[in-house]
Amino acid sequence: MITFLLLFLATVLPTTQAIQRPRSILVAGSLNADTFLPVARFPSPGENLTLLQNSEHLIDVPGGKGMNQAIAASKLCKRTGSGESIKASFLGQFGNDGAASILRSALIENGVDISLCGQSNHPSGRGYVMIVPQGEVSAVISGGSNQFGWDHYYDELSDQDIEDVIRPYSLVQLQCEIPHHVNLRLAGAAKRLGVTVMLDAGGEDRMMGRDILECCDYLVPNESELERLSSYFEGDDIVEEGIAEKMEKMQSLLGPDIDAGLVYQRVSLLQNNGANNVLVTLGARGSILFKKQRSTAADKTNIIYQSACCLPQGSSVIDETGAGDCYRAAFAVSLMEQCTGDVDVVDDDDTLRKCMKFASAAGAMAVTKKGAVPSIPSRDVVEELMVWNDKKSIELATETVPRGGMKRSDDDGMDDDFPFMFGSRLNSMKDRQDLLEPSDKMLSPRDFVRRQARIKGLGCVDFNYPQHFHDWTPNEARRALDEAGLVAGAVCLRYPSKFARGAMNHPDPTMRREAIEMTKDAAEVAQILGCDEVVVWSAYDGYDYPFQVNYKEKWSQLVSAFQECADAYPDIKWSLEYKPTDENTRFFTVASTGAAMLLVKEVDRPNFGLTLDMGHMLMSGENPGQSISMVGDKLFGIQLNDGYTRLAAEDGMMFGSIHPSMALEALYQLRVNNFRGHLYFDTFPQRTDPIREAEYNIQRVKDFWRAVGSMDPDEISRIAAEHDALGSLELINEALRQ
Ligand SMILES: *[C@@H]1O[C@H](CO)[C@@H](O)[C@H](O)[C@H]1NC(C)=O
Ligand SMILES: *[C@@H]1O[C@H](CO)[C@@H](O)[C@H](O)[C@H]1NC(C)=O
């Protein structure tokens, strides 16, 4: 018995040890010799056309999705300098004619390993592409060896044989230009071996059943392919709760041409029928990855959006052929590069987004040149474009679905449709220590974070800089957040008292410089903490008496300081939190929402905006809803609280406690504005249990949010059209009664 067991183990072990396989990509698919025929118009039946005079017609240009993707993978793998590159191999069937040698050379020249390729008794696959002067294209494809060269995959080869082919690889990439049966066998073998499978839905219009969908880790359709594939299945409408809200946000990222809800519905239909991760490419509108797992870690949405990469300066769209192939190959390469050590499956949202970003950049480069293979960029060029895009960062707010703006799944599971994450003032954790166990002292930010973690429904922590970083490092803070199951929301400037005469407005240039550098340091801290917001509230930038400062000079100091910060950290959302007055500074340089908007215009940077604080708005005599509306998409942050609005008294009362109707309208305006940040309670419980106080605030906001949702938009429009005072009060009463 024991001998038998040992023998058994001996035969099994070699395969189980193969986990540490070298990362390499196998692209299996088609290769074509394409002929491009420029014609004046498409021929009608029975008609013979000649090619356009003086036009460039190209014969035997290498193409075919398999070959394009193999060459793209190979070129994109190649790193200059140190670091081992991933290898790309191609499995295809060469034809028996002259074109085969052209295709073979193209693969070899681009570093693709072709040792697995076969040689069939059929002519090479060919594409005849007619192009009319308006740019429209019509093609005839002759499948040749792509279609008929795979006979051995029907009978001759056993499952074992196919597994032996695939075993050395860590990812298999397929498209739909070779027989479905071959794809199914390759995908099946890969699945059995635990090798990642990516299937490009492009190529032949064919139904994909559960059998193949289940084998693919990534199904990659474009919009029309998604529509086609899902049309083979019948299913219910949107099932998941709270998804409308999520897709509403997605919709604002995608623009009006694409129906985000429909995309979601189609993906769900495929996933209900066996598909795993579905990566939908949307050309210039970017791409969306719908992960199969819809509910893992807190704050993860499992829907990842990546905008399209901007084209390099001075270039434009020349030819979109092959851009999709490039995207797919680049995604595969990037995915395999993330598999290091014993990591075989990449699941982390940030890492996946990185892969999508790299893929977008590769796809963008591919549209700037004519042809499929000739337009495939090298890795260096793609990386250069990524750096340039990061610098440019024009789509800062739309690049990702911001973490803070999306749902965090709470253990109570009661707020499925609430779209924001909550944060609450960290320093309020020092209040009411009498409620704690004697051993449970609140001495350091670490203790505060630990206490905040007890707040039900809280998702993120906003830190003050440098105030909260005197006795631990940002890395330690991040670890503490991880342990507490929280994330960082923002880093907020708290200039120390040596800046009492001014921070960015200090009369001494050396001190001003120091304040600006300190402000930039906060961005470094934010990056380590994993958040992208820095909120600047300066207690000291302002004055107390007439003639005390030169207003124009103070103003322009702020403009240039914020420009410097925004340019130095283009990935950070910088926002000013204005305040009208307080005991440190009777008149702030920026003292109202209107003045703050003027500053935003003069700073004129896409990553500079405002954080509005309810109490500050009330204190400066504003109605918060109106101010939020005025700030529009420049609103990066919101701090919720309430107050009695006695001059210069920042009461920090609980949300909606004093001005419920204004609180209701503020949330309504956040909704109209499509606000995407997190909600932060800047309150001062002091004599109240700060845990219960935060939980009350959270509940209050959720109730008000629901009330906003219950309001009839037609009625709101009617009231506004008629300036109907009584109508507005009745609307508020009705909403708050719920
Ligand atoms: C068109 O060209 C084909 C191929 O040369 C030839 O067989 C056919 O007769 C031509 N038809 C006409 C209408 O000229
Ligand atoms: C999707 O890709 C196919 C080629 O694979 C192309 O013909 C089609 O136009 C694309 N659809 C969209 C919406 O771009």
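The backbone N, Cα and C atoms fix where each Cβ goes, glycine too.
Please treat TrEMBL annotations as automatic predictions, because they have not gone through curation.
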Item to complete: Return the residue out of Asp319, Asp325, Asp344, Asp347 that TrEMBL annotates for the same substrate site as Asn32, Ala33, Asp34, Gly64, Lys65, Gly66, Met67, Asn68, Glu177.
Response: Asp325
Discussion item. Thr281, Leu282, Gly283, Ala284, Arg285, Gly286, Gly324, Asp325 show up in TrEMBL as binding ATP; which entry in Asn222, Asn272, Asn302 does that record put in the same site?
Written reply: Asn222
Worksheet entry | Close in space, distant in sequence - Lys369 (K(+) binding site), Cβ under 8 Å, 6 or more apart | Ile318, Asp319, Ser375
Worksheet, complete the sentence: Long-range Cβ list for Ala366 (K(+) binding site), cut-off under 8 Å, min separation 6+ in sequence, same chain only, gives Ala72, Glu320, Gly322, Ala323, Asp325, Cys326, Tyr327, Ser375, Ile376, Pro377
Discussion item. Running a distance check here. Ligand 2 versus the recorded positions Lys65, Glu177, Asn222, Asp325, Ala366, Lys369: which have CB less than 6 Å from one of its atoms?
Written reply: Asn222
Worksheet entry | binding-site residues compared (Asn32, Asn222, Thr321, Ser375) - the one with the fewest other Cβ atoms within 10 Å | Asn222
Worksheet entry | Thr321 (K(+) binding site): secondary structure state under DSSP, collapsed to three categories | coil
Practice prompt. Sort out the sequence-distant neighbours of Lys65 (substrate binding site) for me: same chain, 6+ apart, CB within less than 8 Å of its CB, listed by position.
Written response: Gly29, Ser30, Gln175, Cys176, Glu177, Asp200, Gly202, Gly203, Asp325
Discussion item. Rounded to a whole angstrom, what is the C-alpha distance between Asp34 (substrate binding site) and Gly371 (K(+) binding site)?
Written reply: 10
Worksheet item: Where among the recorded positions Asp34, Glu177, Asp319, Asp325 do you find the Cβ with the fewest other Cβ atoms within 10 Å?
Response: Asp319
Discussion item. At a 10 Å cut-off from the C-beta of Gly286 (ATP binding site), count the other C-beta atoms across all protein chains.
Written reply: 22
